[in-house]
Amino acid sequence: MFKLNGTVFMPSVLTLVGIPGLESVQFWIGIPFCAMYITALFGNSLLLVIIKSERSLHKPMYLFLAMLGATDIALSTCILPKMLGIFWFHLPDIYFDACLFQMWLIHTFQSIESGILLAMALDRYVAICDPLRHAIIFSHQLLTQIGVAVTLRAALLVAPCLILIKCRLKHYWTAVVSHSYCEHMAVVKLAAEDIQINKIYGLFVAFTILGFDIIFITLSYIRIFITVFNLPQRESRLKAFNTCIAHICVFLEFYLLAFFSFFTHRFGFHIPPYIHILLSNLYLLVPPLLNPIVYGVKTKQIRDRVCKIFHFKYPS
């Protein structure tokens, strides 16, 4: 790494600040973050064990939930160990290529999670609107194909973000990243060159994946609600709606945090930087924490299995 005209040419190492403006209290912020991470790991691992061991849960809804749990574990593990290294052990340095790899993993797993939420919405749509064909349509072969398609879509669409950074951006104003992890725009903004293409492609990926998914999830639930409200019996309506509550909660939690973080980072120029960073961190940490809790509480089969494991009774 060497400087040219006040810029850094191809830095080999970047420095992650953590949370700008809150450096003096980062040690204490790391404590709840670590607790969230441990809880998310435990909750999602327990969910995976229950779904794997209970044959009655080998159904599309629960298999998608297992995919979501595995993605949540991977996503939080991409971020927290390094973040806690910054907060607690003053280890802010990261190799440039390692930073790009972390960026690819984070945004890929985010995109995979969005794709799984779309698949879960389509599963509920078929289960409620066309129940007689549900088992035929959502075969194990289709589930495998959906898993592969969601993963490939995410990995292939996110990869050019890294290629554009590596190939186009050679000079950087600084090697200090004002973030607690390698977020795409936080790294791109360091460049001393034209970053318009990088910004445009980042927006394209966000709206291609999140925008596409949220539109079809919304359309699915509009159709589901129409079908549910047309059911003749109140008990049938409540039962059908109850199968969707957990997914609706997870859907709202994921996308509201996603878009709030996305827009404040790009257009919230008057919002303090530490608010941006905290929102970005919570967006990546809260869903892995809450997803197993929401599904554990709202899904009777999973709740009963958890109660059986820990030998206590859950009030009916």
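Placement of Cβ uses the backbone N, Cα and C atoms for every residue, glycine included.
Bear in mind that the values here come from a model prediction, so they are computed numbers and not experimental data.
The transmembrane segment annotation in TrEMBL covers 27-50 (among others).
The domain 'G-protein coupled receptors family 1 profile' annotation in TrEMBL covers 43-295.
Feature annotation from TrEMBL assigns transmembrane segment to 62-89 (among others).
According to TrEMBL, the transmembrane segment annotation covers 101-122 (among others).
Residues or ranges marked as transmembrane segment in TrEMBL: 142-165 (among others).
Within the chain, the transmembrane segment (200-222) has long-range Cβ neighbours (under 8 A, six or more residues past its boundaries) at 107, 111, 114-115, 117-118, 121-122, 124-125, 153-154, 157-158, 160-161, 164, 184-185, 188, 244, 248, 251, 255, 258-259, 262. Under the heading transmembrane segment, TrEMBL lists 200-222 (among others).
The transmembrane segment annotation in TrEMBL covers 243-263 (among others). Residues 61, 68, 110, 113-114, 117, 120-121, 124, 127-128, 206, 210, 214, 217, 221, 224, 276, 279-280, 282-283, 286-287, 290-291, 294-295, 297-299 of the same chain lie 6+ residues outside the transmembrane segment (243-263) yet bring a C-beta within less than 8 angstroms of a C-beta in it.
Taken from TrEMBL, the feature transmembrane segment applies to 275-295 (among others).
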Mean of the pLDDT scores, which run from 0 to 100, over the domain 'G-protein coupled receptors family 1 profile' (43-295): 90
Among the ranges 27-50, 101-122, 275-295, the one whose Cβ pairs under 8 Å to the transmembrane segment (62-89) are most numerous: 27-50
